[in-house]
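Beneath this line is the structure, given in structure tokens, with notes to follow.
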Amino acid sequence: MRIQVRRTGGFAGIERRAEVDTAGRPDADEWHALAERAVAGGRGARPSGVPDGFSYEITVDGERVYAADPRLTAEQRTLISRVLKEGA
Amino acid sequence: MTTHGGSEPVFCTVVPPHVLDRLARNDDPALSGPARRTLLRDSELRARRRVTTEFRLAAAPAAKAPSDQPLRTIYDCAHGTDLPGAKVRSEGQDPGRDATVNRAYSGLGATFDLYLKAYQRHSIDGDGLPLDASVHYDEGYNNAFWNGEQMVFGDGDGEIFVDFTNSVDVIGHELTHGVTQYTANLTYYGQPGALNESMSDVFGSLIKQYSLGQTAAEADWLIGAGLLAPGVTGAALRSMKAPGTAYDDDVLGKDPQPSTMDDYVRTGRDNGGVHINSGIPNHAFYLFATALGGHAWEKAGQIWYDVLTGGELQEKAFFTDFAGLTVKAARERFGDGGDESQAVKKAWEQVGVRIL
């Protein structure tokens, strides 16, 4: 499973993106469960966020959903921070 | 709008009206309640703006004059994401041990001061709105934002950014989003969104200049100086004096701001480049303020404030609309053919914004 996160906006307006490929990872099952729940809570269209809030695109095996601060689900928040931290 | 509970969804005012209408009819009160309140608030704001425009009058005066003192409350999220968090300092309390809390508190005070003393505005809404801020939001959170009701500050991750309360102009920037929301309510997308961002940078910088007593020539015209972690190559996040030069770093990349319309960036990201193209009106303000000299908040800031709050600036205004209104405001306040209206025209010309 390929999990991609793109974060745009924010006070600085600096974009960040990262990707995790779960193939061969020992914790792949955990990633899959987290990614599925994060996608289930996402929106099909870019939500209007708040001034200076981050907005996010989460793409899992080609399926893309959108989310924006401060209204993220707990799973989205966890997935986004893990992908941006551990991903390449 | 102050009736929102902490756990309810917050509807930013950029939600299109047809979506709000649909939400307001939803059977789920958690969805319909906030949408109904937003619609109500929006219609009140529209009515107030119309009255201001047509009669050149301020909105109906409050029954009781608002106080000349701010009403500040700082909350601590303790690295969680529930807003507002635990109350840690209220108005009038002495500073505590947490420097972040103390900086947020004094930054709110500096912002309140500029708006009151320079423009006779009582707080964000002009009617004494209490000022709330939450600090220590999330873990290593590299951002600060205005959620429609309050400010939220992250601590930074220590690698790219440090504590977002470090720069008083960042605090002023966030609060000015509140002022814009209560006045022109510029749509947070594309050119009106870049104008919205620019208002926050302009008044954020003026709050810093006012608190330091600087003239336009003495000011650094930087946004977010002191926000970049040691090791990042850059002075700040944005430069109004020289957009595009604030940072150039191997991790952060290069400051993408243009200073003139020739380099306007068309993009769907970042709400249509709101933090990118704001460089153009930012630079126009800088050129105007430095051409006039002296304290930038007195004349240049006054003209920008007149346009932002005057009732004629439309929610979907483009740069050229805003520019035209600044020339009009300069004439109205300082006379036709004066230095001010000539200087403001020239500033817009220099950044390539046509005045129709």
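Keep in mind that glycine also has a Cβ here, set from the backbone N, Cα and C atoms.
The active site annotation in TrEMBL covers B:Glu174. If you draw a 10 Å sphere around the CB of B:Glu174 (active site), it holds 27 other CB atoms from the protein chains shown. Classification of B:Glu174 (active site) by DSSP places it within a helix.
Note on B:His275 (active site, proton donor): other Cβ atoms within 10 Å of its Cβ, all shown chains, come to 27. The active site, proton donor annotation in TrEMBL covers B:His275.
Sorting each residue of the domain 'Peptidase M4' (B:98-181) by its DSSP state yields 35 helix, 12 strand, 37 coil. Residues annotated as domain 'Peptidase M4' in TrEMBL: B:98-181.
Marked as domain 'Peptidase M4 C-terminal' by TrEMBL: B:184-353.
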